[in-house]
Amino acid sequence: MALDTATTREALLSVRDLTVAAEGGRVVLDRISFELKPRQILSVIGESGSGKTVLARALASWLSAPLHITGGEVLFEGRDLVSDPAHARSLAGREIAYVGGNPAGALDPTMTVGAQLVEKLRAVRPDIPAAQAREKAVRLLEAVKIPSAERRFHEYPFQYSGGMMQRAMIVDALISDPALLIADNITQPLDVTVAAQILKLMRELNENFSTAVLFICSSLPVACDAADEVMVLHAGRVVERQTPNALVVQPGHGYTRGLIEELPTLWEGGPEGRDTRQDREQAAIMSVRGVAKHYETRGKSGKALVQAVRNVEFDVFPGDNFGIVGESGCGKSSLMRLLTGLERPDAGSIFFENENVGEASPRRLRELRRRFQLVLQDPYGSLPPQSSIGSIVEEPLKIHRLGSRAKRRERARAALSEVGLADSLYDSLPTGLSAGQRQRLNVARAMVLEPRLLIMDETLSALDQTEQGKLLDLFERLQAQHGFTYIFISHDLTMVRRVCSRIAVMYLGETVEVAPNERLFFDPGHPYSRALLSAAPTLEERRYRPEDCLLEGEPPSPIDLPPGCAFAGRCPHAFDRCRRENPALRSRGGQALAACFLNDETPEEDRDE
Amino acid sequence: MFIVRFLARRLLQGAVIVFLVSALIFTLLRVVPGDPVRLMAGGMAPEALIEQIAEDMGLRDPIYQQFGRYVAGVVQGDLGQSFVRPANGAAVGGASFDDSTRGERAEVWDLIAQTAPMTLQLALLAMAFALVIAVPIGVWGGLRPGRLPDRIALYLSSLFVSLPNFWLGIVLALLLSVHLELVPAIGYEGFAYTILPAFVLAIEIAPFIIRTLTVSVAGVMGQSFIDIAAVRGLTRNQIVFRHAIKNSSVPLLNLLGVQFSMLLGGVLVIEFIFDYPGLGLLTINAVMQRDFPLIQGIAIVTAAAFVLINIVVDLCATAIDPRLDY
């Protein structure tokens, strides 16, 4: 008994044999036990289905049917929450705060952010007067580095960007001075550079506000970055708990070992990559020159131009695996629509096999599409749910009036078997297919026309690590057999590092750098590329540190862009010229191009080979 | 600034709509068979007199000329004079073409101005009744989708929607006025006369409100900001009354706008049954007497009311949900 009180006094949260089961008796969390000391940050990682989120919800008293706690106890400051739900509810939002992974939908869209922060504080601490609550909210918005917090206080959630909204939700959690913060996948929906800032912020807040944090996430590098200790959850059980360094060096459990081994690397394995030198004599299969596209939006303040794509230039050569990377809002998807002729550019030209896609007649465009095809991101929305798998694959052949009925069927079957889908699926509907199988089907549909160029728009981002690997192998095999050229549009640096031979980096509608794989990762020519690399989640020793590469802040809005270089506002090396003039892409030698004035200062002999 | 541009744009659009409506009504009325002059002058009037009156009134001019004259009047606030109704308010109908006491004909604007407030009163009361009946049922159903309250809401609205209003009107008049003598039913001699027709109308509108509310409340309750509000520490009452109802009120507002416009346009059957002296009754009589200027006037006023109500609804919706952009 004496020992018992001693441990509970020390631990803020003490979970003992916590078991959660679904209605049918299926056990989701199996005798979870751990302790969390005040001010400690503990990461919880595990794959989807391992029970991470259920644990977070159980601790926040937020389990909903069919899940319920069937055993164990959760001692918070020595009092059991499982046997005393009323006490648990009174702690929710006050002593135990929760931040989720969906900041965009977390607040009422019809009320200002400030009003909701005040409402929340006064709901859990009615004794605080409204004026004081308001003052505190503004102070905390400043503390999480929301620019002009006083004004932002009166803005609505839809006027916040994703990263800012997540900061506001952190304020929402911390405003009641909780002892425990449960952060459930808070960086997942954010871009890497923004996520890195949020992580840094969370650590600072942990020091300043002495809040203990339970940091739940699915990425091992992020978990290791964020926490003092990492707890690994597998199939509803705690399989190990160690400090990040020890965990990476000496994983104790097979699951953790597998996780670490599977983790793709950015720099390890040397500068080999998948590099193939281009034969420059060969004509480019796709050549993009100075392409721009803007969209008109009508807001309350009148019409505005969104400059989605401003100045994109690159060449793709036959047999290339060309990557286009950038964060959300950089114009990747608008560019995809231009490359495939779904929309026409406002300026510039796109040549596919020496024919201008941007100016081709609709009829000619359809003929051209036989030779370049598109595979999309969403495995669910991109397939018609009412057509059988066979007819989905046959449809492109029908559209282009190729072959007889029997011939089409034969080709469709061949395509299905090539992507690894069973022949028996031919007549069934796509309803039962997994996300990975659906993407295989999408690939089959695209390649049945025997195109020369395949454009993959975030094709793999909806899949988990293992499935991604399998599909990448498939792409490689198909390339060897059919001589495809790929364009991968992606936000995932590790994927691009693994498969692409040359990579274009986009920032706010511009290609800021185009370079061969190894050159981009080992000698990036643009500060934004360095910032991206510094923020990429990895366990390796970083070549670039976020502190040196990225200033606080978020990309400017594509509606009113500052003059000069768009990255200048976040660039630690920006000087006067960057704010006046926008640099153009210039050769750095070795087929590498970058749009940055800093490169002008490098000695002449380095540049040309 | 936003509000000025918004109003300028919408009022301009509204003016165009009203103009088109009046042009359409004007043309159609002159194309349909039946000579209004014959009705005005009475069956016994000689043919020559009819022609003379028609000439005097400009009814034999080309339609566009007539329309031009009419529009010129409307712009100055003159909706013209009734063909049939005398200004002194004597009985309608034109049996005696030579009755000098009836020479002065009634101004359309005055006729509408007398009846429109009555209809407005009826519509407002009907709306109030409908909201009192439907909002609690609808919200309750929306908070528990698929469960008993939701089903009660569904059954009640099916019941209400399948009651014919003329039948309900007559039955309630018999029950409440004749047998129980609680409220008066026929004609209008005071506010009490509005209650029964308003109630019958409310029963007619309530199902739409109930359905809209259950669906939108259930939709809002499923959204993540409601889900997470409890974890943030808000109480159930705060969640339902401050967030759920506010967010689900925009679809309701749109529905109310349409319903209210329809009520204002004149509730023909109900006003006829209860002999309620509103726009509806005026419309019925105007149509039966081929009183073209009156029909046109009612059409224009109704169209204008429709436009204005929609502007108000959209303004309210933007005030509730700032994301909306009209």
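Cβ coordinates come from backbone N, Cα and C, glycine included.
Note that TrEMBL annotation is computational and uncurated.
Keep in mind that this is a model prediction, so the values were computed, not measured.
Per TrEMBL, the features are:
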- B:116-313: domain 'ABC transmembrane type-1' (DOMAIN)
- B:12-32: transmembrane segment (TRANSMEM)
- B:118-140: transmembrane segment (TRANSMEM)
- B:152-178: transmembrane segment (TRANSMEM)
- B:190-210: transmembrane segment (TRANSMEM)
- B:252-274: transmembrane segment (TRANSMEM)
- B:294-320: transmembrane segment (TRANSMEM)
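Below 8 angstroms of C-beta separation, residues 121-123, 125-131, 133-135, 137-138, 141, 153, 156-158, 160-161, 163, 165, 168-169, 172-173, 176-177, 183-184, 252, 255-256, 259, 263, 267, 270-271, 273-274, 276 of the same chain, each at least six residues beyond the ends of the transmembrane segment (B:190-210), sit close to that stretch. Between the transmembrane segment (B:118-140) and the transmembrane segment (B:294-320), fewer than three CB pairs separated by 6 or more residues in sequence fall under 8 Å, so the two stretches do not touch. Three or more CB pairs closer than 8 A are found between the transmembrane segment (B:294-320) and the transmembrane segment (B:12-32), so contact between the two stretches is assigned (pairs 6 or more residues apart).
If you look at the transmembrane segment (B:252-274), the same-chain residues 6 or more away from its ends with a CB under 8 A from one of its CBs are 119-120, 122-123, 126-127, 130, 165-166, 169-170, 173, 185-187, 193, 196-197, 200-201, 205, 208-209, 212-213, 216, 280-284, 298, 302, 305-306, 309-310, 312-313, 316-317, 320.
Within the same chain, residues 63, 66-67, 70-71, 74, 292, 295-296, 299-300, 303-304, 307-308, 311 sit at least 6 positions outside the transmembrane segment (B:12-32) and bring their C-beta atoms closer than 8 Å to a C-beta of that stretch.
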